[in-house]
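Visitor: So that we are looking at the same thing, I have put the structure below in structure tokens.
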Amino acid sequence: RLGSVVAYFTSAKFLLYLGHALSTWGDRMWHFAVSVFLVELYGNSLLLTAVYGLVVAGSVLLLGALIGDWVDKNSRLKVAQTSLIVQNSSVILCGVILMIIFMFKTQLLTLYHGWLLTLCYILVITIANIANLASTATAITIQRDWIVVVAGEDRSKLADMNATIRRIDQLTNILAPMAVGQIMTFGSPMIGCGFISGWNLMSMCVEYLLLWKVYQKTPTLAHKSAKVEASELKQLNVKKESDMKPAEGVQLIIEKDVSGFEPQQEKEVGCAARIAEPFITFRDGWVAYYNQPVFLAGMGLAFLYMTVLGFDCITTGYAYTQGLSGSVLSLLMGASAVTGIMGTVAFTWLRRKCGLIRTGLISGAAQLACLILCVISVFMPGSPMDLTVSPFADISARLFENEPLPTIASPEPGMILATGMPNLLNGSIAPANSDPEMSPEPVPLISVSLLFAGVIAARVGLWSFDLTVTQLLQENVIESERGIINGVQNSMNYLLDLLHFIMVILAPNPEAFGLLVLISVSFVAMGHIMYFRFAQKSLGKQLFVCHTPDPKATPDSSPPGNTSTV
């Protein structure tokens, strides 16, 4: 028994988990801290944070396909090590620059009329964006490629590994911001910068070693298929246009092993061709994504990003306007993490019982059923929904009547919650219509309680559905296109996420939040309708035949006569 325990802790699977945990922990700490740092630096305004968010989303949207193509064209170890070093080095450099700004901000303001400080802000956002792009490349290569190779042909093992990776994500999403939040609360932003830089330096060395160990223990990682030829892609496109079955699209592509293969002599490429190459790659990536047999499933997942029904700054800000305390919010976030982990457990159980595609259908139905509570909350007592109120009435009043805009107070001891979030409830942000001389009337909590009950319960179906689509992409996208297809999938996710922020900008007042909830549920429903159409095409008349697979057969094995990997 001791030998089996030692074998597990030295296996490639466990080392991959450990490396992912270290990487994700540093990632979550940095993503939380950089937003707080930018608010603190720029006169307690959200401007720099908003610019940073826009730059990050826009960069992944535009460069997702190019990053994926780079992942496909290079060896696995080179891609993983390069993205790891670039990501961590960028965070370390960013942390050092932020420490310098915090130490010498007064002096920098006086130099060159403050332009030097502005240049530092631009530098921080640029380097932080590079770190995020490198993080995207790491996620694509490890979570979408390495994990498939380590799992081998065992789909049950792949499902378990995917679920474990998501559990690690759920835990670090809560614990990492808590840790760095406490450091920033009881120390200072400068100490927080130093801690994150030191963590990333240590983590980079350990992760580099872990990657090398996993690579050594899994010889198949050294073998990678070549990119498909243009003629093969053209043949695939012709079949797609004739409404082919998903299995036919997979079978048409013949992959070539590049291990030990002699590279062809490169032809001289003109300057114009080099300039046009990124645009051609961008176009080809989106075309290839559209032609995937799992295109509708991927689009269904992307549509789930067009929602305000999550634990982001928008929903927590709305909860604040409804009178929820910081301790209650932290408990709700903890409950959401628990239900997210329950979703990963449900995924592995449902997949064994009903198969992979039907798991997505059941998960989608469960999520929509829970979100009905959110729809009901819009019409319950305590809901501020009032579409007669102009979304920009308060802003225009302040602008034309010269009233001061609300600002965010500097983080002080007690202003960072146990969740690692800025405490919005002790005066960080004043409600738009608050009057210091009048105590606000208590708001009935029926509406907001139903809202968060629906959001938390829906995460079981959400994370199970996310894992389903993730594994469908892993199993059905050919090895030579995993990078570019997953890069485009990330771009689609960011595009819908960007649209949801634009939606909030167009209707920022609490009175319009109910409308945003209804729009969000509509987009989630459209996403699951797309997935239903994909499942209908893949399974046909067997769509609703949920049976336990033969234990002697490979899990998720296809019906007779259908060689699809779905």
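Note: Cβ is positioned from N, Cα and C throughout, glycine not excepted.
Owing to the predicted nature of the structure, the values given are computational and were not obtained by experimental measurement.
These came from TrEMBL, pasted as-is:
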type: TRANSMEM; residues: 45-71; note: transmembrane segment
type: TRANSMEM; residues: 83-104; note: transmembrane segment
type: TRANSMEM; residues: 110-134; note: transmembrane segment
type: TRANSMEM; residues: 294-320; note: transmembrane segment
type: TRANSMEM; residues: 326-349; note: transmembrane segment
type: TRANSMEM; residues: 361-380; note: transmembrane segment
type: TRANSMEM; residues: 443-462; note: transmembrane segment
type: TRANSMEM; residues: 483-506; note: transmembrane segment
type: TRANSMEM; residues: 512-532; note: transmembrane segment
Visitor: Contact between the transmembrane segment (294-320) and the transmembrane segment (110-134) is defined here as three or more C-beta pairs under 8 Å separated by at least 6 residues; is that satisfied?
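Guide: Result for the transmembrane segment (110-134) with the transmembrane segment (294-320) is no.
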Visitor: Using a cut-off of under 8 Å between C-beta atoms, tell me which stretch among 45-71, 294-320, 443-462, 512-532 contacts the transmembrane segment (483-506) the most.
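Guide: Stretch with the highest Cβ contact count: 45-71.
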Visitor: Check the transmembrane segment (512-532) against each of 45-71, 294-320, 443-462 and return whichever range has the most CB pairs under 8 Å.
Guide: 294-320
